[in-house]
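These features come from TrEMBL:
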TRANSMEM  24-46  transmembrane segment
TRANSMEM  67-90  transmembrane segment
TRANSMEM  120-141  transmembrane segment
TRANSMEM  153-173  transmembrane segment
TRANSMEM  209-230  transmembrane segment
TRANSMEM  251-273  transmembrane segment
TRANSMEM  293-310  transmembrane segment
Amino acid sequence: MVNRELGLVINGNSNYSNYTFDPLTFSCLLSFGPLIYIIPTFVVIIRVIRTFYRNIIGKKDKNVNRNVFTVLVLSNFSSLGFFFSDLIVIRAPSTGIMTSWCYRQEPNRFLNIVFQAQAYFNYCTMFYPVLFSVVRLVITYVPNRHDEVNAKILKFAIPAIQIYPILLLLHMIPALGVCRQHSSPYSFGAVYVHFINSWRGIMNAPITVINSAVWLTTCLILNFILYRKLRKLKTVSLSQTQTHQNIRNRIIEVSLSLTTLAMLFAYATNLVFLGSFMIDYDVATYLVVFRPFGYDLELCVVPWVFYLTHPAFRKKSDSRIVVNSNRKPHLSV
């Protein structure tokens, strides 16, 4: 993939001097229509954060594991950061709303920073599913010390997740941000934010695809190990008296498993879209139409699945607990 295949740079291009934005287009519907489901998702994310915050400063809820909630909240923040930066880089420009402004701008650092912000949050959304799986593995394999062990892991992993994407974007330091014309099926004036003059002409797409493949494989391996362990624990629990606590733990396990599965959507979207982008740009431009919905799946499905299935968000009710003196200590997951 070379720069001339990426679309015409419109900055200072006289062909766009008289361009007029038309809000009544299919591109506008595709770009801003998702706000219908994004806004309710924001409300759910706020409720998840509020539950987490209340547990930190107030009475502890046995259904709330701080380490699990910490990773999930940070993952949600990364997804939101990606959504807003992607709105500026891909979604809004494709409607033509930024075209006249882009025409008047020289290639500049600001557009480069905006593009890097999108790439930065995209990398972060790759790492949190792996960390989420690691936290769950520790809870399962070290039930008596999982809080202590996970706290140490997060103390190292969270700063590492924030720093690692910066290292992957060092080649962007000398780059300048530009706006490029989308190819068919987009109409004249539909643009997107990109860059020129990166160090040695390095592109982001191959780096992102490699990271997506590596971290997806890692995540799948961790969850396979976790699945086998949970099957063994389920077999043991079925041979014991079924208590309210055992049932609650099983519900939490299902909730976290569904949440982990939802986190994998970003990997699939990166591999499909950026893979096609590297192979055939003309094909990729058609996939751009569906691309936002692929990323929105993770942003929306993860908090909704977690919120609707996890006991921490259910109304408390008195339940009769069957006591089994031989059962193992429960896992607060």
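Glycine is treated like the rest: Cβ placed from N, Cα and C.
A quick note: this is a predicted structure, and the numbers were derived from the prediction, not measured.
Tertiary proximity for the transmembrane segment (24-46) is limited to same-chain residues at least six positions away from its ends with a CB under 8 Å from its CB atoms, namely 76, 80, 83, 87, 91-92, 94-97, 186-187, 190, 289, 292-293, 296, 299-300, 303-304, 307. The stretch from 67-90, 120-141, 209-230, 293-310 that makes the most Cβ contacts under 8 Å with the transmembrane segment (153-173) is 120-141. Using a Cβ-Cβ cut-off under 8 Å and counting only residues 6 or more beyond its ends in the same chain, the transmembrane segment (293-310) has close neighbours at 34, 37-38, 41, 44-45, 47-48, 63, 72, 75-76, 79-80, 82-83, 86, 125, 251-252, 254-256, 258-259, 262-263, 265-266, 268-269, 272-273. Beyond its flanks by at least six residues, the transmembrane segment (209-230) meets 123, 126-127, 129-130, 133-134, 136-137, 140-141, 168, 253, 257, 260, 263-264, 266-268, 270-271, 274-275, 278 of its own chain at Cβ-Cβ distances under 8 Å.
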